[in-house]
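Beneath this line is the structure, given in structure tokens, with notes to follow.
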């Protein structure tokens with residue numbers, strides 16, 4: 001048994017399996033999308049992207065994702081601070097609840113928001129009576145994105161807050177700074193890398209979100225159709241070139257964000 | 001002053017997480033247990049849950065083995081130069097940045113009926129896209145970083161001293177792995193498995209594109225929910241969603257419990 005296990009072939013087998021795994025699972029598929037969108041020349045790529053419906057879908061996605069990321073940066077800063085700094089009943093319960101949106105399937109998240117705000121619910125009825133439109137329009141889509149990306153900023157801010165030396169704040173207070181001033185001049189600057197990298201991750205995730213958004217959006221082309229749903233529609237109608245072109249745009253944007261986040265994090269560590 | 005912030009935090013949690021979850025639970029039971037049972041015991045619902053279970057089991061097995069191997073090689077694989085390892089290490093994170101829909105599209109482009117590989121597999125009678133293998137590949141792509149990212153930091157932290165000691169004392173590499181490395185990475189692997197199960201259970205976008213969402217053939221629990229909502233059959237969707245939510249919350253609680261026991265976080 002042992003001689004069989006010690007055979008040199010195992011080593012080579014494992015090493016080639018690993019490289020093949022990377023190649024087949026991640027590298028080839030990614031290159032495939034880039035290749036497919038440019039294979040018929042630049043013209044088709046540019047045409048696919050400048051198609052008014054595609055372009056509107058991308059710009060709507062960017063706007064909504066940006067709004068969701070900003071909402072999350074504000075909420076996340078507040079919640080992260082409260083969960084680390086305040087002692088109150090239910091704190092550890094809330095702290096565990098933060099991860100709920102990551103644990104729940106996105107389709108379930110979308111369904112929950114649809115049920116809560118939909119035309120049959122009292123929120124939906126009240127909004128309808130006041131002339132607001134929530135579900136199938138931007139507000140619900142932003143709520144879905146905020147829900148899905150909720151943990152990012154909180155989880156990025158918490159470790160930074162725990163690291164702050166309390167003596168810095170005490171020093172500021174002794175020197176006569178008010179609570180608000182201490183927060184903005186001492187606490188916030190140390191939280192900032194977390195807020196930014198968490199916000200960017202949330203933005204990138206919101207750009208990519210499909211499950212939650214497709215259920216609560218009206219998916220009307222040019223109005224409430226986001227990029228990922230547009231890509232799905234193009235795949236369903238067999239226009240893979242158009243789908244690939246928009247995918248390339250989104251992918252490049254996400255990769256740049258991922259790269260910037262890594263850069264911010266390594267810079268934060270080295271300082 | 002702090003009171004205000006605590007109240008606001010409670011308000012956000014209640015509005016964003018607790019009320020929606022409660023509302024869904026209430027809605028699922030609103031027609032009584034009978035209706036919930038009927039929605040869940042539809043043949044297509046049973047088949048969808050079976051598909052989900054199959055995908056979850058296959059993906060968890062594959063991702064655990066291959067993910068552990070990847071982590072070990074990325075940390076310990078001196079046969080690759082440092083540059084190659086750093087490159088592979090950054091590639092590991094790419095699936096996080098890829099929209100699930102695009103993940104699905106990639107597989108359709110690479111292995112679908114329009115591609116060379118797809119035509120080849122079709123000829124030898126093996127269907128990948130719009131069938132079970134494609135769904136597994138799509139889910140594997142999405143869950144790929146989870147295991148690697150849990151195991152890698154632990155491997156880096158424990159260092160190589162103990163393993164070197166073991167092999168100096170004459171232990172074979174398998175023995176070294178089982179007796180020395182495995183006990184220290186065990187918990188990281190368990191977290192990785194829980195995360196993989198949760199993600200595979202809830203995967204929607206990638207599976208929707210790759211599976212084609214064919215009722216009683218390739219439909220999973222999440223794509224069933226989508227189809228029910230599209231057909232304005234929200235009550236049935238609620239039943240399936242409640243089951244999925246219960247599973248995910250159960251997994252989350254298990255994870256919390258494991259973390260508390262280990263005293264991390």
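One-based numbering along the chain as shown.
Backbone N, Cα and C atoms are what each Cβ position is placed from, and that goes for glycine too.
Remember, TrEMBL labels are computer predictions, not curated facts.
What TrEMBL records for this protein:
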| type | residues | note |
| --- | --- | --- |
| TRANSMEM | A:12-35 | transmembrane segment |
| DOMAIN | A:58-261 | domain 'ABC transmembrane type-1' |
| TRANSMEM | A:64-82 | transmembrane segment |
| TRANSMEM | A:102-122 | transmembrane segment |
| TRANSMEM | A:134-154 | transmembrane segment |
| TRANSMEM | A:182-203 | transmembrane segment |
| TRANSMEM | A:210-232 | transmembrane segment |
| TRANSMEM | A:244-264 | transmembrane segment |
Cβ-based contact of the transmembrane segment (A:244-264) with the transmembrane segment (A:64-82), 3 or more pairs under 8 Å: no
The transmembrane segment (A:210-232) vs the transmembrane segment (A:134-154): 3 or more CB pairs under 8 Å: yes
Beyond the flanks of the transmembrane segment (A:182-203) by 6 or more, those residues with Cβ under 8 Å of it: 65-66, 68-70, 72-73, 76-77, 80-81, 149, 152-161, 163-164, 168-169, 172-173, 257, 260-261, 264-265, 268
